[in-house]
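To keep things clear, I will list the structure first and then write my remarks on it.
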Amino acid sequence: MYKKQAHALNFASGRRYVTSSTTGMMRLNSKHHNKALAFTIKERQLLGIHGLLPPVVRTVEEQVRIYYAHMLSLNQDLARYLFLLNLSELNEVLFYTLLQTYTEKCLPYVYTPTVGLACQRYSYIQQFPRGLYITFKDKGHVCNVLQNWPESDIRVIVVTDGGRVLGLGDLGANGMGISVGKITLYTAFGKVRPHQCLPICLDVGCNTDSVREEPYYMGLKRKRPPIDEYDEFVDEFMQAVVQRFGQSCLIHFEDFANNDAFRFLEKYRYQYCMFNDDIEGTASVCLAGIISALKCIGADLKCQRILFQGAGEAAIGIAKLLIIAFRKVGVKEDEALKCIFLRDSKGLVVKERLSNTLNDNKLIFAKEMPLIFKLEDCIRKIKPTILIGASAQPGSFTKEVLRLMTSLNVVPIIFALSNPTAKSECTAFEAYTYTKGKCLFASGSPFPPLECKGRTRYTSQANNAYIFPGIGLGATACCIRYIPAEIFLIAARTLADFCTPEDYAQGRLYPPLSKLSCCAFEIAINVITYAQIKDLSTVLPRPTNVRAFLKHQIYDAKYEPVIPPWLDPNANQNEKLVKIFVFKLLVIENDKLLQVSASAEVKAKHMTPDITKKHYTYKVNNSRMISNPDNEAI
């Protein structure tokens, strides 16, 4: 049974300090407050947990090194995934610090490609309740289910129905693994506070017989409903999210089936704060890679001819964003359409094909030319400068295809975006080998560095994690009303600007993954600036110093002291005075606000008039709490 605990809440930083002496075991058992061996001897004595831990006291840096070494000692990718998942449930700060410190090593295990394997086996490996499951049987009561989530201040939701998980098809309720993986990155790199993030699975059934009939499958053992009933259910979900968490709660759609993804994006884009990562996030990161590649070789977008292998969500999303990019450089839409070609499982997308093989999204890219089936023949006819794979057809970029691209271009640009790795159109080794090291290559899945013509080439991973954390941070910080497509062009340009000549020399079209947090922060700044210009931001008063404003919104994965610094006589005076001048004591039970028991203003000896004049707005319970400095960080 939980005991009541007093929390001191610093409204400027958003941090909570547990001040009650009755919370020792609760802190050890809480992923939010557990510090494990980082509790000092004084803290252990104060909390009544002295003797419950080994006597050594370790810093978070030491803990990170130990857990990283432990992770590397595991031999299987899925074992490393489970290790990190367990850590996230034991010690939140340590988990996110580990991800931020060893990003390039850890990211493949919490996200693609390992998350695909985890989703396939999710019914077997789920050890902790993660996220919220809303089933088709809850239709008519979705808001009641959302009320069961213990946090009311939710800023970001990642929702999936498991209809098309990566390139693995319909996995039904096992798709929750992808929502959990994505939401982790919003905190790790977008710095959205973890308690403000919610992964959701809409379990409406599963059309993959082998998944649905698996004896340990956790989801509804039924096929998916008719489209009209399904749409009514999703409508109810969207309305319930706004009712429960507010209009500015960001809803990130993930891994819906192709037709559903496009339909919901067109339906909800201007009604809700939402986007589809498979369509728009993939498009943005791919466009960033194209911009980087063109900078690297000194070429102009106006002169490019782009051929897509695949015509699903990713390919259509990239193609549509390319149209916007072409318009920005002075190319009219009808001329831009002449530069973009799609090929699907039935061949080149042309107007002479039967209408039942072309949906509306493909029709706008259909060409007035004869049908060509083979990819090699399409390349010979079109002579593309850029070849993009988004088909989930492994090996479709054959030796002949890659050599043909090299014969047509001095520096062919080749993107094999399908993931997980087993679905990639080609490997980095194949791309560099068959183009004789001439190509600029990016992939959807990670590949190790390789030696090519006496130098090390680092494979560029076109990872959506470069884009969506920054979009989420910016959108939630300014409480944006909706997310127009142009924001993804802004994000792509921002990301491309991070590439340096040194990156190009190493074969990189994206900055190292270690810069994910920096990329997210800059993307968020540009999102907020755009939202202000277009009058989409709803935060008032409008911050004039966006960078300072944003710094006050982000989550800092650090252990908080058991004794709040303003009550600790031994604390550094600067730590006491900076940022901490208003706080409230709240009585909290099971993380739910019961009452405001007291409020006070901390009197600081060296507090300047500039600090005391800052304006902050506080909205407590069922609403959001915003610290909004006018000009600069405190």
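Every residue gets a Cβ built from N, Cα and C, even glycine.
Remember, TrEMBL labels are computer predictions, not curated facts.
Keep in mind the model is a prediction, meaning the values are calculated, not measured.
According to TrEMBL:
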| type | residues | note |
| --- | --- | --- |
| ACT_SITE | Tyr111 | active site, proton donor |
| ACT_SITE | Lys182 | active site, proton acceptor |
| BINDING | Arg164, Asn419, Asn463 | (S)-malate binding site |
| BINDING | Glu254, Asp255, Asp278 | divalent metal cation binding site |
| DOMAIN | 279-532 | domain 'Malic enzyme NAD-binding' |
By the count of other Cβ atoms within 10 Å, pick out the sparsest of the binding-site residues Glu254, Asp255, Asp278.
Asp278
If you count, for each of the recorded positions Arg164, Lys182, the other Cβ atoms lying within 10 Å of its Cβ, which residue has the minimum?
Arg164
For Arg164 ((S)-malate binding site), find which of the recorded positions Tyr111, Lys182, Glu254, Asp255 come within 10 Å, Cα to Cα.
Glu254, Asp255
Just the number: how many Å between the Cα atoms of the residue listed as 'active site, proton donor' and Asp255 (divalent metal cation binding site)?
14
To the nearest whole angstrom, state the Cα distance for the pair Asn419 ((S)-malate binding site) and Glu254 (divalent metal cation binding site).
14
What residues, ordered by sequence, lie under 8 A Cβ-to-Cβ from Asn463 ((S)-malate binding site) and sit at least six positions away in the same chain?
Leu107, Tyr111, Thr112, Val285, Gly444, Tyr510, Leu513
Between the residue listed as 'active site, proton acceptor' and Glu254 (divalent metal cation binding site), how many Å separate their Cα atoms?
9
What's the number of neighbouring CB atoms sitting within 10 A of the CB on Tyr111 (active site, proton donor)?
23
Among Arg164, Asn419, Asn463, recorded (S)-malate binders, what is the largest CA to CA distance in Å?
18
Near the Cβ of Asn419 ((S)-malate binding site), how many other Cβ atoms are there if near means within 10 Å?
25
Other residues, Cβ within 8 Å of Glu254, Asp255, Asp278 Cβ centroid (divalent metal cation site):
Thr160, Arg164, Val165, Ile178, Phe253, Phe256, Ala261, Asn276, Asp277, Glu313
